[in-house]
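As structure tokens, the structure follows; a few thoughts come after it.
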Amino acid sequence: MKTHSRTELYRCDHCGKVYKQKKSLTEHLRSHTGHEVCPCDQCDKVFTTYTDLKRHQSSHSSERPHKCDTCGKSYKDKSHLNHHQRVHENNSFRFFTTYQQFKHHQSSHSSERPHKCDTCGKSYKRKSYRNLHQRMFSKHTCDQCGKAFTFKSNLNRHQRIHSGEKTFKCDHCGKAFNRKSDLTVHQQIHSRAKLFSCDQCGKAFNRISNLIRHKVVHTGVKKFKCDMCRKAFAQKEHLKRHQLVHSGEKPHTCDECGKSFNDSGHLSRHVLIHGEIKAYKCKQCGKTFTQRSDLTMHMQTHSRTELYRCDHCGKIYKQKNNLTEHLRSHTGHEVSYRCEQCGKAFTRRSDLTMHIKTHSRTEMYRCDHCGKIYKQKKYLIEHLRSHTGHEVCPCDQCGKVFTTYQQFKSHQISHSSERPHNCDTCGKSYKWKSHLNHHQRVHEKNSFRCDEKK
């Protein structure tokens, strides 16, 4: 997406989260390491240990301080020098235990390339290299859609899409997937253990530090104030989330449909919609849900107990006044807009207006820039020109509206099943080029460096 917005983005290598500012990434990385992190001043890469940073910084320098005493050759890294010096060991001769190994090694000193490709004529020193190269011309084609693959294993994996075969099954809930990577992502839902509970409200956390930070909410102390509107909050995270309302920034973007959120938790709940992962099952009727809060709300249909859900975080209360009190932790002030039909309360009139449509079943369209709401899409499109000064682009498939043609074309990919960007190493495919580039780093980590200069 940064190719469209021209904004530099910083991605966490541990969990994939993306940030607009390096300092935000640096602060986030502490959640993985538990201590300070080390950013590089020259290329903005961030490292979790000082040793990794120093080793990386040598890549920016032209110095080669590690010199071989035997031949004078120099290297940036001590490990590369150690690897090179093996050439001079054993009286400068290499020894082999079998004649085959000896003959195989001798070919590396020869300029001959006796193994030739019958298709394109390219020559190689070793037969194994020639065989690997010839796989390029051995295309495995799908009978149903015509897509071609270099390796038969990639074709087999692709054909599961057409057959509907789902060989990877979750041991916890029984849900099956046609790709192991999808199963791995799904299983994270079951592994989110929360061990530390708040004795006042029962909310659970997987870290004691998060519980301590949460307990400030119950003290009533609000020491974090917004410079724009002077609202006060009990937690710094709530202040940061609130300030996004003023800036309009939505840093958390869904890779599937391009929708953006100002809170990572909202994005996490939204992503489940695309994966159709329904891990929470009702024991009475068997109905399944993607979120625990949805299951809890559903259970009231069996118990006849009225429940009240927070639209910000999904938390559920049995009494309306408890929900009203809880909402202040998100907003920092009283709730003033209440629905006359169901009693739900909101801090902004626009949120109440959007909520009312659930009773009237009337489709409404909200402007992401200023929050104004329209009953017809054509009015929203006309209004958006006041922000952009030019024509806007609506999507015919889902109704989303974009202010630039580039954003519109990028979004349309989310409706397509095509994955045109293929990895030459393992055959894995992606919808977006940026996702392919990020994936290929996995193979770079497993590469080997040659000590000889060209």
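Glycine is treated like the rest: Cβ placed from N, Cα and C.
According to TrEMBL, the features are:
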DOMAIN    10-37  domain 'C2H2-type'
DOMAIN    38-65  domain 'C2H2-type'
DOMAIN    115-141  domain 'C2H2-type'
DOMAIN    140-167  domain 'C2H2-type'
DOMAIN    196-223  domain 'C2H2-type'
DOMAIN    224-251  domain 'C2H2-type'
DOMAIN    280-307  domain 'C2H2-type'
DOMAIN    308-335  domain 'C2H2-type'
DOMAIN    337-364  domain 'C2H2-type'
DOMAIN    365-392  domain 'C2H2-type'
DOMAIN    393-420  domain 'C2H2-type'
DOMAIN    421-448  domain 'C2H2-type'
Restricting to the domain 'C2H2-type' (337-364), what is the model's mean pLDDT?
71
Applying the under-8 angstroms CB criterion, which one of 140-167, 196-223, 224-251 scores highest with the domain 'C2H2-type' (421-448)?
140-167
Within the domain 'C2H2-type' (196-223), how many residues are helix, strand or coil going by DSSP?
12 helix, 4 strand, 12 coil
